[in-house]
Amino acid sequence: MSRRQPAKPRLHSRNRPQAPEPVSAPEPTPAPEPEQQAPSDDEKESEWRPSRPPSPPQRNEDISEGSEATVRAVRPEPTSRYANLNYWKARRVTFYRNGDPFHPGVEFRFKPGRDLVSMDALLDRLSERLELPRGARFIFGMDGDRKYRLEELEDGASYVVSSYKTFKSKSVCFVTLAILDVKVWRPSRRRWLQLAEDSMLDSDEESFTVISLPVYTPDLPAASYGKKNGMWYGGTSTGTSGWARASVRKQSVAESDAPPPGGGKPSSGRVIRIINNMDHSIQCRVLLNLRTTQPFEEVLEDLGQVLKMSGAKRMYTITGQEVRSFSQLRNEFADVETFYLGSIVVPPALSPVVNAPLPIESPIRRSRSRATVASLPISEDSRGRRARSKSRPRVLPCRVLLNLRTTQPFEEVLEDLGQVLKMSGAKRMYTITGQEVRSFSQLRNEFADVETFYLGSIVVPPALSPVVNAPLPIESPIRRSRSRATVASLPISEDSRGRRARSKSRPRVLYAPEGEIIRNSDYTLLEVLKEEPMRVTIRGLRRTFYPPIHHAPIDNSPPDKKMQLDWVYGYRGADSRRNLWVLPTGELLYYVAAIAVMYDRDEDSQRHYTGHTEDIQCMELHPSRELVASGQRAGRGRRAQAHVRIWSADSLQTLHVCGMAEFEAGVSAVAFSQLNGGSYVLAVDAGRESILSVWQWQWGHLLGKVATLQEELTGAAFHPLDDNLLITHGKGHLAFWNRRKDGFFERTDIIKPPSRTNVTALQFEQDGDVVTADSDGFITVYSVDSDGAYFVRMEFEAHIKGISSLVMLSEGTLISGGEKDRKIAAWDSLQNYKRITETKLPETAGGVRSIYPQRPGRNDGNLYIGTTKNNILEGSLQRRFNQIIFGHHKLLMGMAVHPDDEMFATAGNDKNIALWKGHKPIFVTQVGYECVSLAWHPSGGALAAGSTEGHLVVLNADAGSHVATLRVCGSPLNCLQYNTAGDTLAIGSQNGSIYLFRVSRDGFSYKKLNKIRGAQPLVQLDWSMDGSYLQTVTADYDLSFWDIKALSPEKSPIAMKDVKWSTYNATVGFLVSGMWNNRFYPMTSLITTASRSSAHDLLISGDSDGYLRIFRYPCASPKAEYNEMKVYSGAVHNARFLFNDRCLISTGGTDAALMLWELVDE
């Protein structure tokens, strides 16, 4: 059955009304009014419609000068996509980044309905192609109209993509043009723009034909993106020959032929190559109009914008001669093709050697402006000789491209490099540490990672000491002897106060005699050599961080400290079962995160088994109570595969590892056999099929496995009287498995899947009968008849709702614990489970998770109770239970350290704020809000916590009492920090704004000062030393700065690079950029927390995979080495050094794991 084709809409052509041709995106144009005059051909060709593709050149040639193009209005067809066949045709659309006139544009081809089905799908694709701060969220036309549907995107049109709703219309007008034209022919002057655009092709940057500028370039629209203006300029080149388009200033100049590409005297224009003198990787070939009436200074500024540099004021040749006018370009420098643009005065002419390096601007003395770097000009004396500066030696660093495969002797290469640096007799090359380079092979191998070298004509002193302000090993002739090979230096004297006295007539020396190094606090390497910005990629976006002028030297070696686990706080009872035991030594055994903890109450000490790489999911004690089996979940990588480890509780040594590469997602249950002394161990895979496997663990032999095909299997055990009989239980499941000699299993289901009963616990009577507990609060006893079939012997309701734990004591007493009713009950199994007694836990303790007798084998009634709120209690049914271990039981995000004591505080989503000192909490205060941030007042007397509901809660840090609660906003308060004086509190919220509060001296009184509005959620915050600025990190890892006095964001990161910060908890920035894109670990995760030590020499970081890494500070190189620990399966939420840097605290994971680490020598 054929479908009737819809009628095609009538198409029209603007230039040939008598022979209309279809175009890809028809757009009806209303006919002009009768009293209006039809537009002329010149007006037609100068008019630009961004929604319509350019017409082929052949059409315009068929129209004479005086002809008129009649435009007929066409009635629009129905907008249904099925009624318009053009909707299904492939479309070619170009997208540009909002507010970036230099963006070359991304061409996108798609068919609606096949390649893309909605505008959201297109935005997702554009987010991958364009670097936008928050991804592609809005699409605008070139006129600023927002596009909502795919139907609005026309073939051949250009659009602007933005992360925000604001359309930025930036008019960027340049006089520089470079036209690629593969067909070398002279077009008519009137049709210059059209033909130049139609002949645009991608080709090699070095080979193209240049076409001269037109007589008149029309006024162009404000926004200048790509084809909209029809003009092209040579885009900045960073290794590729990309081209971008920009608008052109309106000029009235005489027409001329195509200018030569460099040589000869051009009449009206010429092609030159301009290079950014601060970054030689940015360069471009441009067509310059030499007859323009625009001042030469404005042309330099426009050329600077092409090269993405601000304040371009100078142009130089490669020999250092300054260009000051267009006439010099036409006459004096007519044969010069390459020029350098800079914002400052560069040193005088470089030697015209064959391999002359690029003249990088060499900052020697920085100006007051943070955005520019000024160098010392070299003057001449009365005899025409160059006079050196009287304050500092002349320094001329250069970048050179060295051919390491040359056959030229190494000594001759040094002489050539010396000529480049304007020095005679260069015979030595050294690294910054003073090591001499003697051959090309050393440059290729030994010093392959070194980028900076020094040239000299004499032997320099030995290796520089690694001090912060180490001087440059630059030869500074103070008084030259007759021999040019030696330099006599004057020692630096000291005045009566012990201060260094400067020479008033000669510059200071950098080295004293006999190789003694003179430390100089105001003349450092960083002042002389321009340090490159650090560029890192985070979430697919390239971010640039600028170095400060002064910072400690960057040491990429691993720190001399390593982390040693000292204490694990809390207990994992919120999301696990059967996880509390007592060892023969009296130690409590339990697990938190990836750590197995053995806690001695009498000695107040802990031992830790750290063999696991991911969170422990289950654990079982061997019948001898000396060995432990523990299973972990699966993580990323080969080292993080799910497996079972059998280890000694005494020596903490791993005896065997079972199931490596056998388990899919984790291990949900593990158990030892009883009858043969624990030679067998079973494990249940936490994957989809819940595979049950049995191992002879001493030899690592797999005895058999079977798929249980249960969705939620929570436990398994060996029958105490038969090692070949296994029992599994879970949601709607209770089954017996008989393992045969051939390894196959016979299954007997007691409870089948249609049942909604969730069997939560399992125990055995002395005669082998099975006792189970379920989520409805019932206890059921199963016996076996003479035929070997199991039947229900007894069932009774023991608790309200769920039962989480069962323990059978040696004299037949059954202890049951309720998760919901928080009751602990005792039952006599010898008298048909008659209730003996019961007790109830307080609400703050939580429900029962696990029960274990304090003295196994005795029936004294003393028990350890693990609760659902991550607490461990001790007591008996005859007396009250006391808390011996406290822990947070929900997400733990807030943490703060005391300013001058070894104390720290935590605040979590469980609405608890705890103060810790040593291994115990000093107080735990329950507040009415879930807290996500915490800050300690500099006086040490107050704690401020931010909640998820936008409330600020203030506590007395000495007693834990509540002081005040303030309503700040309706969004979570993700970060807050006091300034160094303690009189102002800054709060960063989820809504992107910063709230400032005036604080009293004791930290108990608060008054709202101001609010600085922002757009992106804030997660980290730091104050400057003087309290004038803030730096924040957003959820998208954008580093932002805020001026507190002006109450506004600081938009120039370069202007903030030298600000000193009282704390550094930001995860991004130049001084911590080495954590990102580090070459020693794959960057598959995100840095979630970071903190600088009090001594400013160490940096701790935590990532989303649970790794803790400690670096040297500053950490500004991807080659930075580190020491690491892996104890969490989830993200590390917070990590901080204590005030004396002896220990650090970390929180993370899904179980609110809080750990104390001691820093010990490596």
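The chain as shown is numbered from 1 upward.
Cβ coordinates are placed from backbone N, Cα and C, and glycine is handled just like the others.
Automatic prediction, not curation, is the source of TrEMBL annotations.
Sequence annotations record features per position, and here TrEMBL assigns region 'Disordered' to 1-76 (among others).
The compositional bias 'Basic residues' feature in TrEMBL is assigned to 1-15.
Annotated compositional bias 'Pro residues' per TrEMBL: 19-33, in sequence order.
Positions annotated as domain 'Doublecortin' by TrEMBL: 91-168 (among others). Summed and averaged per residue, pLDDT over the domain 'Doublecortin' (91-168) gives 85.
What TrEMBL records for 249-269 (among others) is region 'Disordered'.
The DSSP breakdown of the domain 'Doublecortin' (270-339) into helical (H, G, I), extended (E, B) and coil residues amounts to 16 helix, 21 strand, 33 coil. The domain 'Doublecortin' annotation in TrEMBL covers 270-339 (among others).
Feature annotation from TrEMBL assigns domain 'Doublecortin' to 399-453 (among others).
For 485-506 (among others), the entry in TrEMBL reads region 'Disordered'.
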Quiz item: By DSSP, how many residues in the domain 'Doublecortin' (399-453) are helix, how many strand, and how many coil?
Solution: 16 helix, 8 strand, 31 coil
Exercise. Helix, strand, coil: count each for the residues of the domain 'Doublecortin' (91-168), based on DSSP.
Key: 14 helix, 25 strand, 39 coil
